[in-house]
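Peer 1: Below are the structure tokens for one structure; questions will follow.
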């Protein structure tokens, strides 16, 4: 009888140890999970601050607009002063003519790149800002002259999103692209020599706060 009670006592003690180990393990896992969430949340929340810090080296001030239709969706989309806002990007129309490579370098020095056009709506917005007597470099080029066009930010070149003028592109030696107004087809893309001088359009992603 005594042995049976001792055996039962050992069983209860062993069971308690198992439960204690399980509870401790769960607490440790929960703590690790919470810590991970906090680190991830902090990392995500820090992104606007880091981007703002980066832009501050190029621009002295930003203009921000309230975006979203509901209170819970409200956020601020910011662009540097004098840049145009559309969708998730900011655009700056250059007032100086330069070579394609120099134009890209000028954009990079402002935390941007030559414009990448992804939709017809974006093309239409951009052309509304342009002077019809000028042409503007885009961030599109064919470095090897083999007809493989590529965007400066490595966005895949889509055959469904292209706005060439009729009969363009027409020369393999013309390896860069400008957007220009030609009657009667209006605004469209034209392949040009990269060492010819044109105005340009810079693009950067908006900052969201």
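The backbone N, Cα and C atoms fix where each Cβ goes, and this holds for glycine too.
Annotations for this protein, taken from Swiss-Prot, read as follows:
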| type | residues | note |
| --- | --- | --- |
| TRANSMEM | 21-43 | transmembrane segment |
| DOMAIN | 86-203 | domain 'C-type lectin' |
| BINDING | 116, 118, 122, 203 | Ca(2+) 1 binding site |
| CARBOHYD | 131 | N-linked glycosylation site |
| BINDING | 168, 169, 170, 174, 182, 190, 191 | alpha-D-mannopyranose binding site |
| BINDING | 168, 170, 174, 190, 191 | Ca(2+) 2 binding site |
Peer 1: Find the shortest Cα-Cα separation between residue 131 (N-linked glycosylation site) and the binding-site residues 170, 182, 190, 191, 203, and name the residue that gives it.
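Peer 2: Checked the binding-site residues 170, 182, 190, 191, 203; minimum Cα distance to residue 131 (N-linked glycosylation site) goes to 182.
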Peer 1: Please report the distance from the Cα of residue 174 (alpha-D-mannopyranose binding site) to the Cα of residue 118 (Ca(2+) 1 binding site), rounded to the nearest angstrom.
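Peer 2: The Cα atom of residue 174 (alpha-D-mannopyranose binding site) is 22 Å away from the Cα atom of residue 118 (Ca(2+) 1 binding site).
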Peer 1: What other residues of this chain sit with their CB within 8 A of the center of the CB atoms of 116, 118, 122, 203, the recorded Ca(2+) 1 site?
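Peer 2: Apart from 116, 118, 122, 203, the close residues are 89, 115, 117, 119, 155.
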Peer 1: Between the Cα atoms of residue 122 (Ca(2+) 1 binding site) and residue 190 (alpha-D-mannopyranose binding site), what distance do you get, rounded to the nearest Å?
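Peer 2: It is 18 Å, counting Cα to Cα.
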Peer 1: At the level of the C-alpha atoms, what whole-angstrom distance separates residue 116 (Ca(2+) 1 binding site) and residue 168 (alpha-D-mannopyranose binding site)?
Peer 2: 18
Peer 1: Taking only the Cα atoms, work out how far residue 190 (alpha-D-mannopyranose binding site) lies from residue 203 (Ca(2+) 1 binding site), in Å, as a whole number.
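Peer 2: Per the Cα atoms, residue 190 (alpha-D-mannopyranose binding site) and residue 203 (Ca(2+) 1 binding site) stand 19 Å apart.
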Peer 1: Using DSSP, what's the helix, strand and coil tally for the domain 'C-type lectin' (86-203)?
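Peer 2: Secondary-structure breakdown of the domain 'C-type lectin' (86-203): 18 helix, 39 strand, 61 coil.
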Peer 1: If you count CB neighbours within 10 Å, which one among the binding-site residues 168, 191, 203 has the smallest count?
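Peer 2: If we count Cβ atoms within 10 Å for the binding-site residues 168, 191, 203, the smallest count is at 168.
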Peer 1: Could you say which of the recorded positions 118, 131, 170, 190 has its Cβ with the most other Cβ atoms inside 10 Å?
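Peer 2: Most Cβ neighbours within 10 Å: 190.
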Peer 1: Using the CB centroid of 168, 170, 174, 190, 191 as the Ca(2+) 2 site centre, which other residues of the same chain sit with their CB within 8 A?
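Peer 2: These residues sit around the Ca(2+) 2 site: 164, 165, 169, 171, 177, 189, 192.
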